[in-house]
């Protein structure tokens, strides 16, 4: 791997991680739904002048925007507002990967490979261990469920992309 690739990966990791810190700060000061709306207004508004509309029907674009952006972050910001640790949120939201595979298998008729099933079972086992380990802590169950809802929304967004352009193999 080239040094420039390593630096690019480290930059993405840095911004992904620090994003959760700023989300927590934002939710402490602003209602989670308002924060979500402001987040997209300040990101989308400048970009619409510089980035052309993707070559997909408006219905797909709006569906993706609602499911993968609004719903995903509404659930995630609400989970943060419950007091759930952002470090745990950052971990649990990655369950979107196996949700995407499961949705693709059960609703799109795609075939998962054995290593994908193994990875899903390992991930589920890991989440069970986290849940068992946190029984005696102050982790709000509703917060954990909201993060899984966020991850599921993200996975649905992946499926919308697949259905709208049909070129991206999900498995």
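Cβ atoms are placed via backbone N, Cα and C, with glycine included.
TrEMBL: automatically predicted annotations, no manual curation.
Taking Cβ pairs closer than 8 Å, the transmembrane segment (7-27) reaches residues 35, 39, 76-77, 80-81, 86-87, 89-90 in its own chain, all 6 or more past its ends. What TrEMBL lists as transmembrane segment is 7-27 (among others).
What TrEMBL lists as domain 'EamA' is 7-131.
According to TrEMBL, the transmembrane segment annotation covers 33-51 (among others). Long-range contacts of the transmembrane segment (33-51) within its own chain (CB-CB distance under 8 A, at least 6 residues past either end) are made by residues 23, 26-27, 69-70, 73-74, 77-78.
Among the features that TrEMBL reports, transmembrane segment is placed at 60-81 (among others).
Look at TrEMBL and you will find 87-109 (among others) tagged as transmembrane segment.
Under the heading transmembrane segment, TrEMBL lists 116-133 (among others). Below 8 angstroms of C-beta separation, residues 88, 91-92, 95, 97-98, 101-102, 144, 171 of the same chain, each at least six residues beyond the ends of the transmembrane segment (116-133), sit close to that stretch.
Residues or ranges marked as transmembrane segment by TrEMBL: 139-161 (among others).
Packing against the transmembrane segment (60-81) from elsewhere in the chain are residues 23-24, 26-27, 32-33, 35-36, 39-40, 53-54, 89, 93, 143-144, 146-147, 149-151, 153-154, 156-158, 160-161, 163-164: each is 6 or more residues past its ends and has a CB under 8 Å from a CB in it. The predicted model assigns the domain 'EamA' (7-131) a mean pLDDT of 89.
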